[in-house]
Every structure is written in C-alpha cells, then in structure tokens.
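Engineer: I have a structure here, written as structure tokens, and I will follow up with some questions on it.
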Amino acid sequence: MENLEKNTKKKIKKPNNFKKNNKDKTEELKDKPTPRMFKMTPKSSKFLHQLGVTGRKHTEKPVPLNDPDYEKKIREIQAKEAKKIRSDEVVNNNSKKQNNNKQAKKKANKNKKQKGNNNNFQNNKKPENWKQKPAANNQVKAIPNSEKSTAKTAINLIIKRTFETLKQNNLIAPNLKQNPNKKDKPQQPNVAAKNNNQKEVKKPYNNFVNNQKNHNKNNAGNKGDNKQPTKPLNQSKLSKSTIVELPFTPNFTSNQPKPTQKEDSKKVKAKKAENSQPQESNKQVKKLEVKTNQQKQDQTKKKQPKENKNQQIKAVNLNNNQQKTNNNNQKNSVDKSENDNNKKKSEANQKQENLNPNNNNKKKEDSKNESNNIPLINKNISDQQIVKISNYIKDNYPVIYADLKEKNRLGFNSNLDDDKLIVYANYEAKDLELLLKKFKVVTNNIGLYEEALTHNSYANEMHLKYNYQRLEFLGDAIINKIVAEYLFNHSDSSEGEMTKDRIKIIQSNTLIKAATQLELINYIRVGEGLKIAPLSPKILEDIFEAFIGAMYLDQGEYAVRKILNDTIIGYYQKGQLTENTDYKSIFQEIIHSTGLNMKIHYERTYDRQKNLHTVSLYAGGIMYGEGKDSSTHKAEIKAAKEAISKFRGLLKLEK
C-alpha cells in the first residue's frame, strides 16, 4: 500500500514563466556585436591590445608585438578605456568616500567652534599665568594722559623690560665717561708655555657663556614671581676685552606672561585702531636706543685691539728668542756632523782616484752629458700629442709596411715573410661590453665573442676546450663570400681583374689595418708567457676573422656587412689599399717566360685535428713549393713564395 501511495503522488512541476521574445528586439540586436558575458582579468599586459580591460568590444586598433613603442601605446589605450568605462563598484566606493569626508568636515568645524568659545574670558576656567596680566594693565593706567598714546602698546613695555634685564646681566657696555680714571689692568701673558711654537689666543666668548649660565640658575627659582631677576654672583664689571657682539638675540622674556594666541575679534580690531598712530613713534625710539648701544660698543672696540696687540707682541718676541737659540744649536750640531762625513768621503774618493783614473774621466763625461740633457726633460709632451702619434702609428703602420715590401718585391729578396710587424697584448684584457657598445650591439651570446678572442696559450693554461681557430675558419669564408658579391654587383671588370681586386681587399695588410682600427688586440686573452713577448701580426688577422665569424652567428649577415663596409670595403672604395705582392701571378709569369708549356696545379689537404690546410704547388709534374696555414688562400701564397725563391737565381727581372 505504501508503494501505491507513493506512485499515486504525482510530482507537480512548476511551470517556467518564460519571457516573451519580441521579434523587434532580436532583429535590432543582430546588427550590434554581442557583448562578452564573462569578466576579463588579463594577467599580462601583452594581451591587452586584443582583449581589453573591461571585456567589452575594443574600439582602438591592436598594437603589433614587434612595435618598439609597444608599452607606451598600451598605456595610452588603458588610460582611454579607464576614462570611458568605470565599474559600478568604483562609483559606489567614491560616493561613500565623499560622504565620509563631508561628515568628517562637519565634525571638525563643530570642534573648532567649541574651542573658540572656551578661549573667551567669560568662562569660569581661567588660563595659566592669569594673575600676572593685571600687573601689566595697572602699569598702563598709572601713566599720565600725555603719554597714553604711546604707553598703551605692549611693544614699549617689552622694550623697557628687555633693556632693564640687559643692564642687570651686564650685557650692555657700561658708560665709559662716568669712570674715565678707572682702567682695567691687562692680563699678563703666560711666558712659561710648554711649546715655544704655540701662541695664546684669548677667548672672550667664554665670559659670556659663564654669565649666561649663572643667569639661568638664578631665574630657575623665580618662575612664579613677578619680581625682578636677581643679579649673578660674578657682578664685577666687564673689562674692555670681554665685551662681545652677540651672534644671536637672547630671549629674556621667558618669565613674563605670554599673551593668549586667540583673542576676541572685537578686542583685536579696537587695538589695531589705537596702535596705528603710535607705531611710527615707537620705531623712532627703537632706532635711537640701538644707535646709542652701537656707538658705545664701537668706542670700546677701537681701544681693545691696541692693548691686545701690545700683549701679543711681547709674547711673540719671547717665543722668537727661544726659537732662535734652539735653531742655532741645531745648526751647529748638523754642521759638525756634515764636516765629519765630508772628510771621510774625501779620503775614500782620493784612494779610488789613485787606483782607477780612467773610470773617473768617464764619470765626468757622463755628468756633462746629463747636464746637457736636463732641459730636454723639462719639455713635457702633452697627452694630446701622444694620442695623435699613437693613432697615426696604429692606422698607418700596416700601409707603411706594405710600401716597404713593394720596393723590395722586384729584387726577390730572401725576406719574403710578412711577420715583421710587432704587436704586444695587454696584461689584462678589457671588458667585451665596451667593444660591443661601439657597434651598438645587444648580444644574445657573449660566449661566442669570448671564444673569438681567446688564444691557444690562454686556453691551455686555463684548461679550456675552445679557442678562436674554429671561428677563424668560418670568418674567412664569410669575408670571401661578401667581398666576391660586392665585386660582382658593383664592378663591370673581367674575371681576372676581379680576382686581383679580391686579393687586394683580403690581403693581410688590410685585415691588420681593420683589426687595429677596431682595437681588437686590447680585448684578446693570452697566456702569461705571451704577455711579455711580442706577438706576430698574423694574430691580428686571425682575431679579425674570428670576430667576424662570431658576429655572423650572433647578429647575422647584415651586421657583418656593416663592419666590412666601414673597414675593408671602405678602404677599397677610397683607394687606400696598396697592391700587395701577388706571388701566385708572379710564379705564373716566371713559368710562361721559360717558353715551356707547363701546367700549374695546386693540391690541397686538410688536417682536422690541427686545423691546418697544406697546399703543394706543381708545375709540369714537379713540386716547387709547399705551404701550411689555417686558410687555403694563405697556404697557396706560402707555396708560391717558396716556389719563387727557387727561381730567384735563374731569372734577372728588370727593376
């Protein structure tokens, strides 16, 4: 039965009251963009240009990620969106804050009014120092009617009281005319000083400090009373030397009652009307009092330095007399010691002169030469001249070396090597970031540049697995490629002329010149043994090629073309390159001049372990020369050099 009752109870579902969809509204919404129904919380600013801050349709154009001013533009877009759309929560919070501020201002105004009413004298609560005020008011009433206009002001009372306190504390100079006969005795100078060089100087300011301390002690017990302050214990009159111009104005009105800061507005207006007339008269009174005090002080000052000078002169004369006696005793002792030493030296020199008369003549000649060379030492060379000389040598030495080699080319001297230029490495290599700042390069991998500027000796000492040889191989190939493309695109010459121009651009002298221009030798890391010894110029070529290889891997071919256009190709365009000895073409001329139709052939091999290319030169099946180098081009030149040296005695070329 229970189951049947359960089944009979039908579940009554409440009908869902769906809203009627108006067709007109749906048609209008088709044209409008559908708003986003979820709140956007962008975690990074990189997607703000696509999504927006509020989740609604973005009205601004999107900003590309590669734009250099990406961050600035996004900030501007965010500011515009913040002005257009503000969430309801922010508006409600701002309205609450405004209401709270208004209520706080009302409370503050009420408190101010209550405080103003409490300060009135009508209330029962009396402020501090209330008993002291009627004394001042009674004094004003006692003054006759003729002086009421000036005496009512509080300024006159303050001036009089300060003047009286200054007199009591002996801070104003006494009247010298009253006691002209009395003169203070000058203090006797301390003759028996510990050190003769010390000079005693008086410190008059200390007297003022002692008087002021005593004044403060006496005033401490009389805070509540209106009586005049008692005089200090040391009431002896100050001497002329103790009168001091104070660097500040002391406040002696500490015991007097302070006027209340807030008075009734009616009283203030009444006082202003009364004080407007007597202010001018008060100013005149002040000026007269100040002038009289200044005149008295000036008279005392004129007399003061005369006495001080006389006292100082006596002390100085005594000290000077003692110093002279001490100095004379010292001189006599020094002269005796010098005479004894000179006698000993003269005896020793006479013995040596008798033994070695030839050496003495040489010493005299050397001393004459040194005396003649002294004025040259005083002629100092400026730093600017040194910089000019060093730059001229760095830039022009490779060219000078090439010119000297050309003059000896036709004679076919035995000195056919290029290793004549002497180079020294720095004891400590410079920072690579300074080098890269010249080229305005932001590196993605500094390790490549470190590898390009590490020599074998440094790698062996530090147990490194890399050096610049691998990057040199890559850089040599890149330079050949870029130079060949430049000549092919910018010249209409034949194949043979282009090869000569390419050799001219890639020759060792141009690479040395480029390396010196970039100052790569300052950044190379070398072992301790090579820091002292001179380096071969071949290192400059290798460094330049390795640096080009590192730049190609890090920045690409475009950055390499910039450097080569500024250095190697730029020299070619300006006509700064000199024709180098083309040993390969000379060898061909020698073979053709014999009249024998011999074929010239180069055989090339490569050793990967040693990173060396070996080239052997054959003519008519006979090997005439062999060369080894890290690049094939340089190995071919060395093989041609060796071949020319064998024909040197057979042919006589015209000079």
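Using N, Cα and C of the backbone, Cβ positions are placed for all residues, glycine too.
OK, Swiss-Prot features for this one:
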- D476: active site (ACT_SITE)
- E545: active site (ACT_SITE)
- 8-20: compositional bias 'Basic residues' (COMPBIAS)
- 103-115: compositional bias 'Basic residues' (COMPBIAS)
- 1-400: region 'Unknown' (REGION)
- 401-655: region 'RNase 3' (REGION)
Engineer: How far is it from D476 (active site) to E545 (active site), counting Cα to Cα, in Å?
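Structural biologist: The Cα atom of D476 (active site) is 6 Å away from the Cα atom of E545 (active site).
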Engineer: Could you pull the average pLDDT for the region 'RNase 3' (401-655)?
Structural biologist: 81
Engineer: Taking the Cβ of E545 (active site) as the reference point, list residues of the same chain whose Cβ is under 8 angstroms away and which are at least six residues distant in sequence.
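Structural biologist: Expected: L471, E472, G475, D476, I479, L511, S631.
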Engineer: Let me check the 10 A CB neighbour count of D476 (active site). How many other CB atoms are there?
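Structural biologist: Counting Cβ neighbours of D476 (active site) within 10 Å gives 24.
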Engineer: Give the three-state DSSP assignment (helix, strand or coil) for D476 (active site).
Structural biologist: helix
